[in-house]
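Student: Have a look at this one before I ask anything.
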Protein chains: 2
Amino acid sequence: MQFQLSDELIQKLEVLIQQQNDKELNLTLEDVHPADIAEIISELDLDEATYIIKLLDSGKTAEALMELEEGVRERILENLSAKEIAEELEEMDTDDAADIISELSEERQQKVIAQIIDEEHADNIVELLRYDEDSAGGLMAKELVKVNENWSVTGCMAEMRAQAENVTRVHSIYVVDGKNKLKGRLSLKDLITAPSDSHIQDIYIPKVDFVNVHTPAEEVAQIMQKYDLEAIPVVDEMNRLVGRITIDDIVDFIKDEAEKDYQMAAGISEDVEADDSIWRLTRARLPWLILALFGGFISVTVLGTFDAAMKEHAALFFFVPLIAAMAGNVGVQSSAIILQGLANKSLRGSLLKRLLKEITLSLFNGVVLAIILAVGGTFLLGFDWLFGITIGISLISVIVIASLIGTFVPIILDKQGIDPAMATGPFITTSNDICGILIYFSIAKLILGF
Amino acid sequence: MQFQLSDELIQKLEVLIQQQNDKELNLTLEDVHPADIAEIISELDLDEATYIIKLLDSGKTAEALMELEEGVRERILENLSAKEIAEELEEMDTDDAADIISELSEERQQKVIAQIIDEEHADNIVELLRYDEDSAGGLMAKELVKVNENWSVTGCMAEMRAQAENVTRVHSIYVVDGKNKLKGRLSLKDLITAPSDSHIQDIYIPKVDFVNVHTPAEEVAQIMQKYDLEAIPVVDEMNRLVGRITIDDIVDFIKDEAEKDYQMAAGISEDVEADDSIWRLTRARLPWLILALFGGFISVTVLGTFDAAMKEHAALFFFVPLIAAMAGNVGVQSSAIILQGLANKSLRGSLLKRLLKEITLSLFNGVVLAIILAVGGTFLLGFDWLFGITIGISLISVIVIASLIGTFVPIILDKQGIDPAMATGPFITTSNDICGILIYFSIAKLILGF
């Protein structure tokens, strides 16, 4: 039942666009969902994509524009006049319209807003543009259904019908007083099952979760997830109902956040995709690699200071990548677990308890690995026993230190108000490489003496 | 407005539980949301937690049980009788009840099901237990609102009211024919705004997205996200409407998947949290470390074969961790970007094009890094020029190869039907370490000759 994009369809559309066969184009795309139109548009070149956007009904293209990747959308919007963009925005919910308009230059924003015919819609968009992107105000839409606590159920049905026409999904009906202050909610289910002669005052639920326009987006996502909310009303400083946030916006936000943390851990500092330009990908990746390179310089210098070991204990140098890799892997594991705990706010208990736990855990892992290494080394590589002990003790120490760095650097950054995700990936592997090598050779020097 | 868990509250509850002061306990927890009750329970010891679960109304504790972490819930359920568990399940939606019951032993499952008084509810749970956890059948609930296409709007209102009583959120009203085959949907908004003398046949929307009971959960999540659906009906092989999936189940699924991929990339193979037991954490982490250790053995052996270089070109060995780290970092970056593309199904275009792009990108990054390395090395560490060229060319080669491995190993695994997330983290860093060192010394041997 799902739409499948095919090369044949793309070729057919390209031919129809060349022939300017608008009738056949409209017919072909008539039953295609806007999200699929967006997929088709991503496959066409810019002129063809613009042609389709201009041709189709703006009710459909508005939604397709929303689904496009930002880069593609930007280029198409550049090809449209202010009036054409305004027509698309008229069809969108205020939150989507504000998102799109914020991608334009300020000069262009004004021109586009001036072309929006529905003045209330324009006003709402301008209001939403004021809020920070990562706050409840930046996520909310102005579309919602609200009723006055003083109305009767029958009396407000007509009013609600009118309001519902402009709202894609009703979810909840919010109840306000004469000053637009949020009092509670009415669920649609309650409405269906309520006797028609009752009053709003008698049937509304005075308990309602809400957020303030300045509540950070992350907190909104947490509240909505924790309490399984599908929509949450947003109030201003005076407790007046100014908008609402729906779960689909939060789904996108949660996905973006998860991807951002993952990318950060992989040493990618911007939200990039495989199909982005080489320049954009380089900008996201190169800074981390340069950081790692400087870390590498330090490890070269550290190794250089131990060159006295080279004569008698050359084999020590063969184990450097093994030790460095173990330090890096353990550090990344520890930091990933702590980061997810921080993100979910599920870390409880004292730092001391966590310290003891991390030491026990890494000590245990370290001993198991050291035994494998010692046994493997003796049989496969034929170490003498003192060398085996040196490598084993070093491995255990490196693993314990690496896991402590991986655990506590993110916690400390978080306490300082710095994004702890910075401390994963290249940062943790590089610093653990250096520490690991330093510990390894220091222990070797102590035991073997050189 | 958000509930804040405090040590004082926990202490107060502990005292009240000790005093068996049920009245005061009920009063204290009366206005607390089930999700917050779950947080409180996680802080109490097992006996106290069980006491609270037994004391409070099962309408409230059923939801709290759902919110608990699996480990905590399992231990509490062990303390409850089959009858007590059945009472909790009666209060849950069928999908939640089936999830909980599937955590019990088979023997216990039968005892609990036998104690459920509502036979239809029990039947539904038993039906849901048949489906694979990661399929639409495993995600769906039996609770939904449906109407027959032959009914009149007024005629079906009473029926709908009755159905809606059992459904937490109505979302959509599904339209079926006399054989329960899915025909379309009625939105609640349409219902509010429809004239009351019309027939279902005249007003329902015949176009409706749906999935089959066997559709994989991942595909369900993609469809619901792409088309911004808040609920999707599920049909069986005969196109009969058997359940529906709501967006809140999908939110949990998306979050779990993102966390799983992230953990896999960090070398953690089970879904663990910072507060899990040391044994569980070890089981998730140690296997990857052992894999990395064996990779380390290989790198030791590779380095050992180049020991002839030690006499004249000892400094080559100092650069091993730098080269290995760069190979690892580049590999992780490339694989992370490809993995997200695979997960979002956003990878388009031919493999050849991707190959050329990845080579261009990594060549460019490699040259920039090699220049930094050569300039830095000459001024800071005082290389001779031939050594500088050796290191520079090696770095470029290693980066290009590492990025190709990082890009194509996940793609190949995915084509083979293996989870490409396997090929990130420790796996990619370990294999890139080995390849990197091999390339580095081979080039050095070629240029410097030893």
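Each residue's number is its place along the chain shown, starting with 1.
Placed from the backbone N, Cα and C atoms, the Cβ positions cover glycine too.
What TrEMBL shows for this protein is this:
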DOMAIN    A:140-203  domain 'CBS'
DOMAIN    A:204-260  domain 'CBS'
TRANSMEM  A:286-306  transmembrane segment
TRANSMEM  A:318-342  transmembrane segment
TRANSMEM  A:363-383  transmembrane segment
TRANSMEM  A:389-413  transmembrane segment
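Surface or core, plus neighbours and distances: that's what I need for these features.
Tutor: Taken as a whole, the domain 'CBS' (A:204-260) shows an average pLDDT of 89 in this prediction.
Within its own chain, the transmembrane segment (A:363-383) has Cβ neighbours under 8 Å at 315, 326, 330, 389, 391-393, 395-400, counting only residues six or more beyond its boundaries.
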Student: Could you give me three numbers for the domain 'CBS' (A:140-203), the DSSP helix, strand and coil residue counts?
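Tutor: Counting residues by DSSP class gives 22 helix, 19 strand, 23 coil.
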Student: With DSSP helix as H/G/I and strand as E/B, how many residues of the domain 'CBS' (A:204-260) fall in helix, strand and coil?
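Tutor: DSSP composition of the domain 'CBS' (A:204-260): 24 helix, 16 strand, 17 coil.
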